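Features of the protein shown, as given by Swiss-Prot:
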type	residues	note
COMPBIAS	317-330	compositional bias 'Basic and acidic residues'
REGION	301-330	region 'Disordered'
TOPO_DOM	1-15	topological domain 'Extracellular'
TOPO_DOM	37-48	topological domain 'Cytoplasmic'
TOPO_DOM	70-87	topological domain 'Extracellular'
TOPO_DOM	109-119	topological domain 'Cytoplasmic'
TOPO_DOM	141-166	topological domain 'Extracellular'
TOPO_DOM	188-227	topological domain 'Cytoplasmic'
TOPO_DOM	249-259	topological domain 'Extracellular'
TOPO_DOM	281-330	topological domain 'Cytoplasmic'
TRANSMEM	16-36	transmembrane segment
TRANSMEM	49-69	transmembrane segment
TRANSMEM	88-108	transmembrane segment
TRANSMEM	120-140	transmembrane segment
TRANSMEM	167-187	transmembrane segment
TRANSMEM	228-248	transmembrane segment
TRANSMEM	260-280	transmembrane segment
Amino acid sequence: MPSPAPPTELLPWERAVVLLSCALSALGSGLLVATHALWPDLRSRARRLLLFLSLADLLSAASYFYGVLQDFAGTSWDCVLQGALSTFANTSSFFWTVAIALYLYLSIVRTTRGPSTDHLIWAFHLISWGVPLAITVAAVSLKKIGYDASDVSVGWCWINLEAEDRVLWMLLTGKLWEMLAYILLPLLYLLVRKHINRAHQALSEYRPICEGRQLQRGSSTSTADKKLVLIPLIFICLRVWSTVRFVLTLCGSPAVQTPVLVVLHGIGNTFQGGANCIMFVLCTRAVRTRLFSLCCCCPRPSTQSPPGAPTPPKIGESQESRRTPEVPST
């Protein structure tokens, strides 16, 4: 790797844009966590995985916010702490994103259910929290985390550019898993979509025969489950700018300091939680309706009942009785 270039200077407007992205991502991740806590009938396995991804994104956005706000000029104790937190959260986010894609593949294509799915989720926890934690502890112990001159970040601390083996540690603390995700996520996504298309074709051929229970069973892949397929696409669109700047840094190109790339990198690394919130809260009718009713303090519209009639069941109760197990809300 060539000698480190002069530090990338962050302009005030660039810092403001990235700070706004961090704040929106933290707010979005917080909303996803809140909806999971408020409405138990929406707690399917798929949304539980989304909850863990949101927790990682929330920690990531908070640590990035502090780093961009401080705009470190050298390695300090808070630089190392911020770099460690963001490294752990960011790497964990990579693992949870792949875990969601793998869950979709196994549950939709392989129709994995029951105890085997529970064991799979425990394995997701062990890998998605344990591996990033081990890598982060090793990086901190060996003093690899520190000031990076914003050439592979946007104001926050990551791998110290003065470390001789900095490329190896950049790969271990994020880039290796990011690049593997670029391969695994589209592959799993294509397999899931191929299976869904085949299922739709089969249903269209036999629709006159199987309109009852089999048709309902075929619709167990709910709209929310299909929306989870978009997570890999969002991941790639957001993260690719970070990879571009990493490659430019390896090549010693001055283009790494291009303002547009810097801003796209800053937004891409920090806005995952906001993007997930848009898709799974604001664009999900069941969640959006409840959230707006809660914010506006307005009861959900219902038909008028005569005096003395039994009170209609609450939202959670009515949907709980109709809800198919393990199918996220739409």
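Every residue, even glycine, has its Cβ placed from backbone N, Cα and C.
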Quiz item: Do at least three CB pairs under 8 A connect the transmembrane segment (167-187) and the transmembrane segment (260-280), leaving out pairs fewer than 6 apart in sequence?
Solution: no
Self-check item: Residue numbers, six or more beyond the limits of the transmembrane segment (88-108), whose CB comes under 8 Å of its CB atoms
Solution: 45-46, 49-50, 52-53, 56-57, 59-60, 63, 117, 120-121, 124, 127-129, 131-133, 135-136, 173-174, 177-178, 180-181, 184-185, 188-189, 191-192, 195-196, 221, 225, 228-229, 231-232, 235, 269, 272, 326
Quiz prompt | Tertiary contacts of the topological domain 'Extracellular' (70-87), as residues 6+ beyond its ends and Cβ separation under 8 Å | solution = 7, 10, 15, 59-60, 62-64, 132, 135-136, 139-140, 145-147, 155-160, 173-174
Quiz prompt | Residue distribution over DSSP helix, strand and coil in the topological domain 'Extracellular' (249-259) | solution = 8 helix, 0 strand, 3 coil
Quiz prompt | Other parts of the chain folded back onto the topological domain 'Extracellular' (141-166), taken as Cβ under 8 Å at six or more residues beyond its ends | solution = 1, 4-10, 14-15, 18, 63-64, 66-75, 79-80, 82-84, 86-87, 173-174, 242, 245-246, 249, 256-257, 262-263, 265-266, 269
Quiz prompt | DSSP residue counts for the topological domain 'Extracellular' (70-87), split into helix, strand and coil | solution = 12 helix, 0 strand, 6 coil
